[in-house]
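Feature annotations, courtesy of TrEMBL:
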type: TRANSMEM; residues: 27-49; note: transmembrane segment
type: TRANSMEM; residues: 61-80; note: transmembrane segment
type: TRANSMEM; residues: 92-112; note: transmembrane segment
type: TRANSMEM; residues: 118-137; note: transmembrane segment
type: TRANSMEM; residues: 149-169; note: transmembrane segment
type: TRANSMEM; residues: 175-196; note: transmembrane segment
type: TRANSMEM; residues: 208-232; note: transmembrane segment
Amino acid sequence: DKQGEGQWGDFTGLESKKIRHVFIRKVYSILMIQLAITFGLIALFHFIPSIHTFVRSSNGQWLYFASYIVFVVVYLTLICSHRLARRFPLNFIFLGILTLSMGYMLGMISAYYKVESVLIAVGITTFVCLGITLFSFQTKYDFTSCFGVLFVATLALLIFGIVCIFTYSRIMYTIYAGLGALIFSIFLAIDTQLIMGGKQHEISAEDYVFASLMLYIDVVYIFLYLLMLLGIRK
């Protein structure tokens, strides 16, 4: 198996097809649990009136900012501490905290959109992610060699987002959301191939929590940008 450099520095090759298949099953099992929790929270925030009212209140907004801080701290801890990301059960505890904090943030954001818009965004996200995943598994093109280009594109998206905050325009907002969905779709293709292995870069079979985290971030941001792009606010 090949070895390459990536978000951990040097990725260790997956030693055999059997190990790789076990690794992939574990990663996607964890991812499904994360997504079930996240979209379960979104559903609660929409269909339970008391929760829906709370998240739109000032207390709910303060809790949003607290969740954001928790998310950033836990995320940086997991990606910066190789040892912690591999240490059971701490890695699962941190991943669970991150999932709950992201679930609250997405739940609160989606509470400002009509239920129909949220369901449409969920449906499109599902089809987009399945399509990208299947394509990434089948294609011979190596997306993992695109890290540099994607890094520059992400920085450009960040700057564009800051500009949109101070000069709000519906057209710019739509372009920003569309570019965000596109960039994270490419991220999903790259991360899928990193997990699949056999390309220029790949992830060690020991880093199943980190791999699940990468895919989770890709999927929820695709959903978020699609909701921004297509959603109708209440």
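For all residues, glycine too, the Cβ spot is worked out from N, Cα and C.
Keep in mind that TrEMBL annotations are predicted by a computer and have not been checked by a curator.
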Grab the same-chain neighbours of the transmembrane segment (149-169) for me: Cβ-Cβ under 8 Å, and only residues 6 or more beyond its ends, written as numbers and ranges.
175-176, 179-180, 183, 186-187, 190
So which residues does the transmembrane segment (208-232) touch in its own chain, when a touch means Cβ under 8 Å and the partner is 6 or more beyond its ends?
7-8, 23, 26-28, 30-31, 34-35, 38, 75, 78-79, 85-86, 91-92, 95, 98-99, 102, 106, 109-110, 113-114, 116-118, 120-122, 124-125, 128-129, 173-174, 176-178, 180-181, 184-185, 187-188, 191-192, 194-195
Which residues of the same chain, at least 6 past either end of the transmembrane segment (118-137), have a Cβ under 8 Å from a Cβ in it?
39, 42, 46, 110, 143, 185, 188-189, 192-193, 196, 218-219, 222-223, 226-227, 230-231
